[in-house]
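Undergrad: So TrEMBL has the following annotated:
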type	residues	note
BINDING	B:HIS113, B:HIS117, B:ASP310	Fe cation binding site
BINDING	B:VAL136, B:VAL137, B:SER138, B:GLY139, B:GLY140, B:ASP170, B:GLY183, B:ASP187, B:ASN282	substrate binding site
DOMAIN	B:26-316	domain 'Gcp-like'
Amino acid sequence: MASAHAGPGSTYSGTVREPLILCLDTSDGGAVGLLCGEDPLGTERSGDARRHTETLTPMIESVLHGAGITPRDLTAIAVGTGPAPFTGLRVGLVTAMTMGRALGIGVHGVCSLDALGYAALVSAGPDAEVLALTDARRREVYWAHYRPAALADGPAPFDVHTLGGPGVDTPAEVASRFPDPIAEGAVVGRGAALYPDAFAAHAVPDALAAVVDPIVLGRITTARLGSGGDLTTAPRYLRRPDIHAAPGRKRAS
Amino acid sequence: MVQPLVLGIETSCDETGIALTRGLDLLTDVTASSMDDHARFGGIVPEVASRAHLESFVPTLDAALERAEVDLADVDAVAVTAGPGLVGSLTVGVSAAKALAVAIDRPLYGVNHVLGHVAVDALVHGPFPQEFLGLVVSGGHSSLLLVRDIATDVTELGQTLDDAAGEAFDKVGRLLGLPYPGGPHVDRLAQTGDPAAIAFPRGLSRGKDLARHPYDFSFSGLKTAVARVVEGYQDAGQEVPAADIAASFSEAVADVLVTKTLTACEAHGVNTVVIGGGFSANSRLRALAAERLGEAGVTVRIPPIRYCTDNGAMIAALGSAVVAAGLPPSTLDITIDSGMPLTDVLAHA
């Protein structure tokens, strides 16, 4: 670990081989975080949901550089697997898988909505529920329904328990299916903010502005590595490719 | 001196291609294709191609490294197709190339796919002459280039104003009821027909059109002419003479491509032509180019078919040329450019 240099404000000493996880998500804008054991070492975010290819790798370089870390110091990569619009989602996934291959480290996938759901539930009681919603474009939302993960004894794990989803539907369909969390204002994510009539009547303004925190994604990954939870990196497209049957040919004469 | 080891990545359409070169030595070239997934739709479905690139990328990279018996740590530079091509497909390759460049701390070069179709021939037939013409013909491109240095000095003389040559073949294949992709099927059928049976038009080859567009191509009118002939037979309740139509159509396409290339050779005093791109597999184009350019004393270089279709070797070859020319690497914020102009060998931020 001699190649690591502690940057300003960094807690990374480079002497103890703590897990050092690069956390990526491109389900909305691009987000990059660096997690050393329990400690976040840096985060960067781009709000531009149509320029992932341009912004993601420079943000990775910047976060690593800011923490005085070289890529070879990383021990794992956590990546959001969506659901998300296809092209942007693939930027995060192929970046994670390729870096993982090049560095010889594991790549772990977490449903991006899990991070939104966890952040909303972290201070809630064990019986709380939340509906996480993001923009699926085409007048639809991606959604998932959560309650806190709980063990029979001991501290609650850094994870969510998924009650339903992830899915993609129209706001009206989702609203009719989950009247209770919506009536209680237990919604999180910009999908709710986009369709205030369906979701936002009782919502907390901060929750409507919430985006995926890559550090939360990394912490869920750490919890699942310990518990043997699902860490598949398969993309959650949720929609089939658009395939339009070739139109009947028009006559030329 | 040992030449730099360049990793080339190509994902502009439906082939995931990865290759390794040292100078003009090709160490390996591996391609995974999603062609079979598209055949049932009668054309490339961009989202299907993009999903396949994501699934294929790391396995294809692994296969290339294993076959070349090199480690990623040995790679000196990463070259990737930055355009032109399908946005979703390009995005996967460019994102992966950037990730590699960061992970192994090596320079990145986002290069032009069309120029790669020319560059690859140097791996097969050796160094290029001081000056030559490049004719790139494929399902997406039909371009005539004057090349003094493939990395630093390329002039576009002309290009197609509508359909690419390979695209016209696919469309005519559909008209004749042949399976997708139509190019090879039309070519095979054409070999059994009479190329002089029907006098199909030669686009931009006469009068004012020729004067204004001496080196540009147009295949859209030709395709419509084929449709009219087919409909004429169908309306009369007669059997469509598919082989003669295929042969006459192939003759028209090859004639225009070769005639304009020959004119450009004479106008620029050039005596070597490099033909690349998937459509250079076409047998009539190959025969007519050898015959007419050969008669004029022009050397015709066409790489074997497996290097004419999209592959990583073409990108590694262009990457090698760009590295050898000492061009500055691309920055990590370069953008993909689905319509990347041929005047750009490297992508911009």
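Each residue, glycine too, has its Cβ placed from N, Cα and C.
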Undergrad: Hey, for the Fe cation site built from B:HIS113, B:HIS117, B:ASP310, who else sits with CB inside 8 A of the CB center?
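TA: Close Cβ neighbours, site residues excluded: B:GLU10, B:SER12, B:THR81, B:VAL114, B:GLY116, B:VAL136, B:SER138, B:HIS141, B:GLY276, B:GLY277, B:ASN311, B:MET314, B:ILE315.
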Undergrad: Can you tell me how far the Cα of B:ASN282 (substrate binding site) sits from the Cα of B:ASP310 (Fe cation binding site), in Å?
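TA: It is 15 Å, counting Cα to Cα.
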Undergrad: I need the CA-to-CA distance for B:HIS117 (Fe cation binding site) versus B:VAL136 (substrate binding site), whole Å please.
TA: 7
Undergrad: Using a Cβ cut-off under 8 Å and a sequence separation of 6 or more, which residues in the same chain sit near B:GLY183 (substrate binding site)?
TA: B:GLY139, B:GLY166, B:PHE169, B:ASP170, B:GLY173, B:GLY278, B:PHE279, B:ALA281, B:ASN282
Undergrad: Across all chains shown, how many C-beta atoms besides its own are within 10 angstroms of the C-beta of B:VAL136 (substrate binding site)?
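TA: For B:VAL136 (substrate binding site), the 10 Å Cβ neighbour count is 28.
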Undergrad: Let me spell it out: for each of the binding-site residues (B:HIS113, B:HIS117), count the other Cβ atoms within 10 Å of that residue's Cβ, using every protein chain shown. Which one has the most?
TA: B:HIS117
Undergrad: According to DSSP, does B:HIS113 (Fe cation binding site) fall in a helix, a strand, or coil?
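TA: The residue in question, B:HIS113 (Fe cation binding site), is helix (DSSP, three-state).
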Undergrad: Which number gives the other C-beta atoms within 10 angstroms of the C-beta of B:GLY140 (substrate binding site), all protein chains shown included?
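TA: For B:GLY140 (substrate binding site), the 10 Å Cβ neighbour count is 22.
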Undergrad: For B:ASP310 (Fe cation binding site), just count the other CB atoms lying within 10 A of its CB, please.
TA: 29
Undergrad: Looking only at the domain 'Gcp-like' (B:26-316), what is the model's average confidence as pLDDT?
TA: 96
Undergrad: Could you state the CA-to-CA distance between B:ASP310 (Fe cation binding site) and B:SER138 (substrate binding site) to the nearest Å?
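TA: Cα-Cα distance, B:ASP310 (Fe cation binding site) to B:SER138 (substrate binding site): 9 Å.
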Undergrad: Roughly how many Å lie between the Cα atoms of B:GLY140 (substrate binding site) and B:HIS113 (Fe cation binding site), rounded to a whole value?
TA: 11
Undergrad: Neighbour count, 10 Å Cβ-Cβ cut-off, for B:SER138 (substrate binding site): what number do you get?
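TA: The Cβ of B:SER138 (substrate binding site) has 25 Cβ neighbours within 10 Å.
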Undergrad: Neighbour count, 10 Å Cβ-Cβ cut-off, for B:ASN282 (substrate binding site): what number do you get?
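TA: I count 26 other Cβ atoms within 10 Å of it.
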Undergrad: Under a three-state reduction of DSSP output, how is B:ASP310 (Fe cation binding site) classified: helix, strand, or coil?
TA: coil
Undergrad: For the substrate site made of B:VAL136, B:VAL137, B:SER138, B:GLY139, B:GLY140, B:ASP170, B:GLY183, B:ASP187, B:ASN282, how many Å separate the two farthest Cα atoms?
TA: 18
